[in-house]
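Participant: Following this message is one structure expressed as structure tokens.
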Ligand code: GDP
């Protein structure tokens, strides 16, 4: 076969054979698979009109295009598949119980509470927790770790149930989207005075899609106008038929507020689990499970709540969770007590991980620290590659509407950083659900727990993304870097506000924003009293420049003493001047404001419209 050449470089040519490449692969990866020189692939791309470097991650389309040109076909390997292969290469498998039938024992069901807003999900989770703390567990401080376990008695037998205590289906869906199966049973809360509402239906659909059996808690039966029968009728339309009407869904009338029939609800959960599911796990193998929630604690480092799904997790075990790993230094249960081990369906808080895993990341215990580190590093590298592969161009929230209209971008790229993985996942899934019309795509390139870092800004620059900080700020030099590079970083502390703003931006309704820009600071060295002008400040300009007629504030010992002042007069020696620069001395008159002292600082600023990139 004659090998064609491009620009003098021999072109490798295939026979249509398939090569497997992971998402975000580079031309070098490609070249390796077909035993070619990476430079020759760069040449092919150039010939196709695209400048690509050999080591840069490229999109799926580029990989297909390139392959087609050289008569290969490409199979892009999904992240899940790749992860399975990664674990396989270490002789590990996630998701299956080891051993035989005899090794399996019954494990408690894991429950998520869902339903319409205000129907009582949070209240119910509180009520369950309060009435059913496992007895004899004194001493611990009840704390929120993202899940808890309660005991209940069914048919004279002690049974346990594990509750994921982030109410709502956002977290549930976010985890499921990542292939994690966290929940065995969903409790659908419907307020009896309100009936089936939009989010009731949404929650119901999510549970059905995940093939998770539903128990209906008809709540607020203590409220006047409560109509539990009507709720049963309404839900029939969605395929949930109550047992008493010949269906197979258990309905329990409760009052979360008064603690009414909570036990019946727990019983219904256990009975539904027994009837519909075969919940068994092998407690005698190395532990596996998923991360539910995690955050960075100032004193303790990465703190992650994991749900053990099979095996038993012990202090001293080496685990890898997503791209975090480490040896379990200590474990705390949902009452704040330290525990030495945790079996199937038990949630525990784990200390000792290198960094913070994401909600829904799976964990697996391995023999050697080295294995854990290698798996974690491979995963981190893959995430980075995948993120870079999604690169496009730079954009800001204000001009989003314009660039969308101009067809310059068809998607809004986001990087989300937050204080806890739960909130990050919730924000992400809410944003992804925004109805933004068909032409626009919202893509989350990267998400994580912790401050906005320089590497986030890097990624944003490369891919024209907007960075969202939820209850976190930029760390170190990241803020300056963002400013310098024109990366739009937005801070929020309320989820709906973030969603509203992004929705507004997509519709082109964002008002111009003003920001305060510091112009200069002046230190008061002397105070002169003038009968005509009041107190005048003899100053040394410490930074920037001070200009006449600009706004100023007065600081004393670092605290703001007065706001909204104006530099009314500015003098150098005997002359009135319009500005004085850093390092020079002069006199400032703050109009009729006279409360000035030696060592006070006058800081001047102006409000500028935030630049639109
Ligand atoms: P969520 O949005 O579903 O988590 O709802 P919440 O648990 O926050 O409850 C919403 C409101 O309903 C709160 O003011 C609760 O105190 C109230 N509530 C919850 N359950 C009951 C109940 O059984 N009876 C009454 N009267 N009020 C309830």
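Backbone N, Cα and C atoms are what each Cβ position is placed from, and that goes for glycine too.
Note: TrEMBL annotation is automatic and uncurated.
The model shown is predicted, which means the values in this text are computed figures rather than measured ones.
Quick paste from TrEMBL:
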type    : residues                  : note
BINDING : 115-122, 165-169, 219-222 : GTP binding site
DOMAIN  : 106-277                   : domain 'Tr-type G'
Participant: With respect to ligand 1, which members of the binding-site residues 118, 121, 166, 221 satisfy a Cβ distance under 6 angstroms to one of its atoms?
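Facilitator: With ligand 1 as the reference and 6 Å as the Cβ limit, the list reads 118, 121.
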Participant: Just name the most isolated of the binding-site residues 115, 118, 121, 166, going by other Cβ atoms within 10 Å of its Cβ.
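Facilitator: Candidates: the binding-site residues 115, 118, 121, 166. Fewest Cβ atoms within 10 Å: 118.
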Participant: Which number gives the other C-beta atoms within 10 angstroms of the C-beta of residue 221 (GTP binding site), all protein chains shown included?
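Facilitator: By my count, 21.
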Participant: Under a three-state reading of DSSP, tell me whether residue 115 (GTP binding site) is helix, strand or coil.
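Facilitator: The residue in question, residue 115 (GTP binding site), is strand (DSSP, three-state).
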